[in-house]
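Residues or ranges marked as active site, 4-aspartylphosphate intermediate in Swiss-Prot: 379. For 337, 650, 654, 718, 743, 747, the entry in Swiss-Prot reads Mg(2+) binding site. Swiss-Prot lists 1-20 with the feature compositional bias 'Basic and acidic residues'. Look at Swiss-Prot and you will find 1-21 tagged as region 'Disordered'. According to Swiss-Prot, the feature topological domain 'Cytoplasmic' maps to 1-80, 135-293, 342-704, 754-775, 828-840, 896-908, an assignment based on experimental evidence. Here Swiss-Prot flags 102-113, 315-323, 725-733, 800-808, 861-875 as topological domain 'Extracellular'. Marked as transmembrane segment by Swiss-Prot: 81-101, 114-134, 294-314, 324-341, 705-724, 734-753, 776-799, 809-827, 841-860, 876-895.
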C-alpha cells in the first residue's frame with residue numbers, strides 16, 4: 001500500500017465513497033483525457049505490468065473484480081418467507097386466542113381442556129405455508145441449476161523486480177486489479193474498465209451497452225494513417241461510449257488486438273455501478289399490488305363481520321364464552337388461508353408448463369404478470385432482430401443489381417489479413433456459391449490498407465494473374481468514399497463524378513438509409529503493374545472510380561412479426577424502446593408490423609415533464625436513441641397510466657428496465673446482468689412462446705381468481721346464514737369445531753384448482769387484479785347460498801323437529817352436510833360462466849377431489865369423529881330433501897350467474 005500514490009487512491013476510491021458525491025464520476029472517464037504514460041503514472045503502474053506482490057496488495061485494497069448480483073436466499077429464509085403472509089398472521093392470532101379460551105383458561109379453572117380447534121388451525125397454517133415453500137424452493141433450485149458456471153480468465157503481464165522479466169499469465173478475471181496490464185484479442189470480453197496502451201485494428205462491440213449493432217473502432221492514441229497529432233485528446237463533450245481510447249467492462253472484441261491498463265474493477269466500473277444500482281429491493285409488480293389489495297379487502301371484511309357475529313350470539317344466547325368461540329371459528333372460515341398456496345401452486349404449474357417450451361421462469365409471480373400484461377416494451381437489437389448483419393443488395397450506381405460489384409466486394413473482404421468485421425463476414429457469407437472458383441484463383445492479393453476510424457475505408461491491392469493488371473479495391477462509408485472519388489461507372493462507361501451525379505448517388509444512398517439499411521460504396525483504381533513488391537499508401541486512395549453500393553441489414557427474427565401480431569390479437573400492445581438510431585429502427589418495426597408514426601427520441605424524452613411523457617407514451621409505439629434511464633422512465637410512465645408492462649431485452653443497457661417492468665423477459669444469449677434482472681428467460685429464439693406465456697399467465701390468474709371468488713362469496717354466504725340463524729335460533733347453528741372441520745375440508749377440495757382449465761372466452765384479453773370486482777362478486781353471489789342454508793334451517797326445524805337445545809346436534813349435523821356440500825358444489829357452479837358439467841366440465845383432478853370431499857362430508861356425522869365433535873347420524877329421509885335442495889341451488893345459482901354477467905358484463 002505504501003507504494004501507491006495519493007492520486008491513485010483518489011482515482012480508485014471505493015464505490016461507497018463515490019456514491020456519497022452528488023455526481024457519479026467513473027475513474028475510466030478521467031483517463032480518456034490523459035496520455036497513456038500519465039494514466040500509468042496515476043495508477044503507479046508500468047507498461048510491463050505489476051509484480052505479483054503489487055497485484056496481491058491491491059487485491060486486498062480494492063477487492064475482487066466482481067459486480068453485485070442477486071443471491072437466492074437459504075432454504076431456512078425461504079421457509080420463513082413462505083409463512084410471511086397476512087392471512088397466516090390472522091390464523092396464528094386466532095390459534096393463540098383459541099389456545100387461551102380452549103386450553104389455558106379451562107386448565108386454570110380445573111375444567112376439561114380441548115386443543116382440537118388449535119390443532120385444526122395450525123394444520124391449515126402448516127398446509128398453506130409448507131406447500132408454498134416446497135413449490136418456490138423447487139423452482140428456485142431449478143433456476144439455479146440452469147445458470148451456467150463459466151470461469152473466465154484474462155491475460156496479464158507480470159514483471160519481476162527492477163522492471164525486468166515480464167511474462168504473460170492467465171488469471172481469473174476476478175483477480176484483476178487497477179494497474180494490471182491486460183491483452184485483448186478477437187473474441188475476448190473486456191474484463192474491466194481499461195485505458196488502451198497500444199492497439200491494432202481494434203473493434204469493440206458495444207451493442208450490449210448501447211443497442212448499436214455495429215462495432216466501433218478503438219485506438220490507443222489519435223495518431224494513425226490520417227496523420228493526426230498523437231497528443232490530440234478526445235472531445236470532452238463526448239459520451240462515455242464514444243470515447244475512443246477506453247473500453248468498458250462487459251463489451252467484447254470483434255477484431256484486432258490491444259494492450260491496455262486496468263483503471264477500474266468491480267463496482268467502480270460503469271458496468272459494476274449499473275449492476276449495483278439494480279440489485280436490491282425490486283419495485284412492486286402489478287401482481288404484488290393486486291394480491292395485497294385483495295388480501296386487505298378480505299381482512300377488512302372479516303374484521304367487520306366477526307364482531308357482529310359475536311355481539312348477536314352473545315346477546316341472544318347469553319353465553320359469551322361460547323359466542324366468542326363461535327366468532328373465532330367464523331373468523332377462521334372467513335380467512336382464505338390457502339390463498340398463498342393456491343397462488344404458488346398455480347404459478348409453479350405455469351412455470352413447469354413453460355419449461356417444456358424451453359422457457360425458464362425465475363420468479364413465479366411473473367407468470368400471472370405475463371397474463372395481465374397489456375403493453376410489451378421490447379428492445380430491437382438481438383430481440384426483434386437476429387443481431388447479425390446480412391448483405392441485402394449489391395448494386396451499380398444506377399441501383400441495378402450487379403455481379404461485378406459483388407465480385408469486387410468479395411475480393412476486398414476475402415483479401416484482408418486481420419480479423420474481419422461483421423460487414424466483411426456478411427459479404428463472404430453471401431458470396432459463398434455465387435463467386436466462381438475461377439475468380440478466386442485468378443486474383444492475387446499484393447497489399448492492403450486496413451480500416452481505421454478516421455478514414456472509414458479499407459483498401460486491398462489485387463493482381464490479375466492472367467493479365468498482370470493491378471487494381472486497388474476500396475470499400476467504405478459513403479461520405480469518406482465520395483471525398484476520394486473522381487469518377488463513377490455507368491454501365492460500361494466510366495464518367496466524371498460531377499456535382500449532379502454526386503447528388504443523385506447521395507440521394508440513392510440516403511433512400512436506402514431511410515429504409516434502415518447501412519450503405520457502403522465500392523470503388524476501384526488501376527495502379528502501375530511494375531515492381532515485384534508493390535505497397536499501398538493512403539495517397540493511393542485518390543482518383544477512385546465508384547463502382548456501386550452495398551446495403552446491409554440486421555433482419556428481424558422469423559418469428560418476430562407473427563409473435564407481435566399474436567400479442568396484438570390477445571390485447572397486448574407492443575412498443576419498441578431502443579438505443580439504436582430512428583431510421584434503422586423504423587425499418588425493422590415496419591417489417592414486423594409495428595406503427596412507426598412519429599418516433600420519439602431520447603433527446604425529446606429528456607426534455608419532457610413526467611405529465612407530458614405520460615401522455616406521449618400512449619400515442620407512440622417506437623422510441624429510439626434511448627439511454628437505460630430513459631427506458632426505465634418510459635416504463636414507469638406506462639405503469640402510472642395503469643398498464644401492466646412487460647419488457648423484452650438482452651443487453652446491459654436493458655437491465656434497469658428489465659428490473660422495473662412488471663415482467664422482465666430476456667434470452668439465453670443475453671448479458672449476464674440482463675438475465676439476472678429478468679423474470680423470464682427464453683432459451684430459444686422463437687418469439688411465439690411469448691403468446692403462449694400470455695395465455696398461460698391468464699390461465700394461472702383465472703384459477704387464482706376462481707379460488708378467491710369462490711371462497712369470498714361462499715364465506716360471505718355462510719356468515720349471512722350464521723347471522724340469520726343466530727338471530728332466530730336459541731342455540732348455535734353450528735359449533736366452532738364444526739366450522740373448523742368444514743373449512744379444513746373445503747380447503748383440501750381447493751388444492752386441485754391449479755390443475756383446472758379456463759374457458760377460451762376468459763383468455764382473450766389481459767386480466768388484472770381488482771379488489772372491487774371481488775367485493776362485488778362476494779356481495780351479489782354470496783347470499784345465493786344463504787337462501788338454501790335458510791331452507792335447510794327450516795327443514796331441520798319444522799320437518800325433523802330439531803327445534804330445541806336437546807335436538808341441536810341433529811340440527812347442526814343437517815346444516816354441516818348441506819353447508820359443506822353446497823360450498824364444495826360451488827366450485828363447479830362458479831368456475832365457469834357457462835353451464836357446468838354440460839358446456840364446461842372441470843378437469844379430472846377437480847372432479848375427483850370435490851367428489852371425495854363431498855363423500856367424506858356425508859360420512860362424518862355417521863363416524864366416530866362425528867360423535868367426538870357433537871354430530872349425530874341423520875335419518876335417511878333427510879337425503880332426498882338434501883338432493884332437492886342442492887339441485888335447486890344449482891338452478892338458482894345458474895340463473896344468478898346469467899343475471900350477474902348481463903348486469904356487469906363479465907363473470908370474473
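Using the three backbone atoms N, Cα and C, a Cβ is placed for every residue, glycine included.
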Would the transmembrane segment (81-101) and the transmembrane segment (324-341) count as touching if the test is at least 3 Cβ pairs under 8 Å, pairs 6 or more apart?
-> yes
Do we see three or more Cβ pairs under 8 Å linking the transmembrane segment (876-895) and the transmembrane segment (324-341), pairs being at least 6 apart in sequence?
-> no
Restricted to the topological domain 'Extracellular' (725-733), the mean pLDDT of the model is 82
Any idea what DSSP makes of the residue listed as 'active site, 4-aspartylphosphate intermediate', helix, strand or coil?
-> coil
Integer Å distance between the CA atoms belonging to residue 379 (active site, 4-aspartylphosphate intermediate) and residue 650 (Mg(2+) binding site) | 8
Could you give the residue numbers and ranges of same-chain residues that sit at least 6 residues beyond the transmembrane segment (809-827) on either side and whose C-beta is under 8 angstroms from one of its C-beta atoms?
-> 706, 710, 713-714, 718, 721, 725, 729, 731-735, 738, 742, 745-746, 749-750, 753, 785, 788-789, 792-793, 795-797, 800, 802-803, 842, 846, 850, 853-854, 857-858, 860-861, 866, 870-874, 878, 882, 885-886, 889-890, 893
Round to a whole number and give the Cα-to-Cα distance in Å for the pair residue 743 (Mg(2+) binding site) and residue 379 (active site, 4-aspartylphosphate intermediate).
-> 49
Residues of the parent chain within Cβ reach of the transmembrane segment (776-799), under 8 Å, 6 or more residues beyond its termini | 301, 709, 712-718, 720-721, 724-725, 729, 733, 810-811, 814-815, 818-819, 822-823, 826, 830, 881, 885-886, 888-889, 892-893, 896-897, 900, 904, 908
For the recorded positions 379, 650, 654, 747, work out the Cβ neighbour count at 10 Å and name the residue with the minimum.
-> 747
Among 294-314, 324-341, 705-724, 734-753, 841-860, which stretch has the highest count of C-beta pairs below 8 Å with the transmembrane segment (114-134)?
-> 324-341
Rank 294-314, 324-341, 734-753, 841-860 by Cβ pairs under 8 Å to the transmembrane segment (705-724) and hand me the top one.
-> 324-341
Going by Cα-Cα distance, pick out whichever of the binding-site residues 654, 718, 747 is nearest to the residue listed as 'active site, 4-aspartylphosphate intermediate'.
-> 654
Beyond the flanks of the topological domain 'Cytoplasmic' (828-840) by at least 6 residues, Cβ under 8 Å = 706, 709-710, 713, 756, 759, 761-762, 781, 846, 850, 890, 893-894, 897, 901, 907-908
Work out the three-state DSSP category of residue 747 (Mg(2+) binding site).
-> helix
Please classify the secondary structure at residue 650 (Mg(2+) binding site) using three-state DSSP.
-> coil
List, by number or range, the same-chain residues at least 6 past the topological domain 'Extracellular' (315-323) whose CB is under 8 A from its CB atoms?
-> 101, 726-727, 730-732
Contact set, same chain, for the topological domain 'Cytoplasmic' (896-908): CB under 8 Å, 6 or more residues outside the stretch | 702, 705-706, 709, 762, 767, 773, 776-777, 780-781, 784, 829-830, 832-833
For the topological domain 'Extracellular' (725-733), what are the same-chain contacts with Cβ under 8 Å, counting residues 6+ beyond its ends?
-> 309, 312-313, 316-317, 322, 326, 789-790, 793, 797, 804-805, 808, 811-812, 815
The answer for the topological domain 'Extracellular' (800-808), taking Cβ pairs under 8 Å and residues 6+ beyond its ends, is 730-732, 814, 875, 878
